[in-house]
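According to Swiss-Prot:
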{"type": "ACT_SITE", "residues": "GLU173", "note": "active site, proton donor"}
{"type": "COMPBIAS", "residues": "355-384", "note": "compositional bias 'Low complexity'"}
{"type": "DOMAIN", "residues": "35-343", "note": "domain 'GH18'"}
{"type": "DOMAIN", "residues": "383-419", "note": "domain 'CBM1'"}
{"type": "CARBOHYD", "residues": "ASN153", "note": "N-linked glycosylation site"}
{"type": "CARBOHYD", "residues": "ASN237", "note": "N-linked glycosylation site"}
{"type": "CARBOHYD", "residues": "ASN256", "note": "N-linked glycosylation site"}
{"type": "REGION", "residues": "343-390", "note": "region 'Disordered'"}
{"type": "SIGNAL", "residues": "1-18", "note": "signal peptide"}
Amino acid sequence: MHHLRALVGVGLAGLAAGVPLTDKISVKPRQAPGAQNVVYWGQNGGGTIENNDLAAYCQPNSGIDVLVLAFLYQFGNGGNIPSGTIGQSCYISTSGQGQNCEALTAAIHTCQSAGVKIVLSLGGATSSYSLQTQAQAEQIGQYLWDSYGNSGNKTVQRPFGSNFVNGFDFDIEVNGGSSQYYQYMIAKLRANFASDKSNTYLITGAPQCPIPEPNMGVIISNSVFDHLYVQFYNNNNYTVPCALGINGNAPFNYNNWTSFIADTPSAGAKIFIGVPASPLASTGTPSGAQYYAAPEQLAAIVGEYRSDAHFGGIMMWSAGFSDANVNDGCTYAQQAKSILVNGAPCPSSGPPSSTPATAPAPTATTMPSSTSVSSPTASPTGGTVPQWGQCGGEGYSGPTQCVPPYQCVKQGDWWSSCR
């Protein structure tokens, strides 16, 4: 992924109080069957900031099935405790302590209660991670389980308290000669997954689309992945170029990926079509707009491959870019969900629900002919919403007050954002 945000310093105030663990617990399974919509959350760029309230993306009409928390981007290199910044507030130190992570911890519980899976990602487009030995990889894998899994371990730092994630993602974009060791980290995680019979966990990866894949090819060839969020963008100029095959870009090599994994331990993995969520998303600048698929283009691509046995759905980078890209009253994430559910982008009536059993019924309000500014009531949950963040919409129950000088702008019955 394109890792753009500035790293948060270690001096952030307010250590997250770890909630003591008791017995192992279970989380609510995903409610809607079929192809899934996966969105990365927690890193920003291109002048775009996602809503810092993760729970805002777990509303019934958000269109999101899996949220990937990005990133733990520092590990190895002499330190065996992964650290990083997730969102605008939560910092995980090199000692494993969570700082200012209370709100994220509460949101994780809210999202999982709504049936949205939460996956924790390692890596990103930074050079602050590497592995030197098999033993180190296994040690880090065990630590990840103890600190973020349903381990029952009370002796380690747990940044999210008693909450645990639904899996671990590997967005390895730096090789450094250490790719051969990740298989041991993944194997250690899977061995621990087997100890928790009450829950199902995911191992996911976000490889670049070229084959051979320069950074994750060896990892995929020696590990069992459940989901592969292939980045079909930013690779027009690679030795073996690939992209979505639109806008004059390199060919779409989805079929090459199904052939590649057939002879690996990941032969049963689901392949997700990874896309930028706005014209700025792939590089953080207008230069990456060529890789962006408009909703109609994305619908055509998905329509061609959705019957493939390996097809898993859509992955997008990232939540903030999706929020800033509203068409027909729908964010890009909502457009993607409509494509997966209905085979077409959002109609003017608004986005489909990821959880139909609890979705609010749409009102008979007519869509406005032009953008209007709403007058939000006081937020029941408090807090402020950054530029482009969601501040209203049918069924939305998150914060409604925008950071000054922005106003909550209604763009459809289902979506209002701070602009």
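Cβ atoms are placed via backbone N, Cα and C, with glycine included.
Here the features listed in Swiss-Prot are painted onto the structure.
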residue	record	Cβ contacts under 8 Å, 6 or more apart
GLU173	active site, proton donor	MET1, GLY123, GLY124, ALA125, GLN208, ASN215
ASN237	N-linked glycosylation site	none
ASN256	N-linked glycosylation site	ILE211, CYS242
Give the three-state DSSP assignment (helix, strand or coil) for ASN153 (N-linked glycosylation site).
coil
Is ASN237 (N-linked glycosylation site) helix, strand or coil when read with DSSP?
coil
Need one number: mean pLDDT over the domain 'CBM1' (383-419).
68
ASN153 (N-linked glycosylation site) CB neighbourhood, other CB atoms within 10 A:
14
Would you identify the secondary structure of the residue listed as 'active site, proton donor' according to DSSP, in three states?
coil
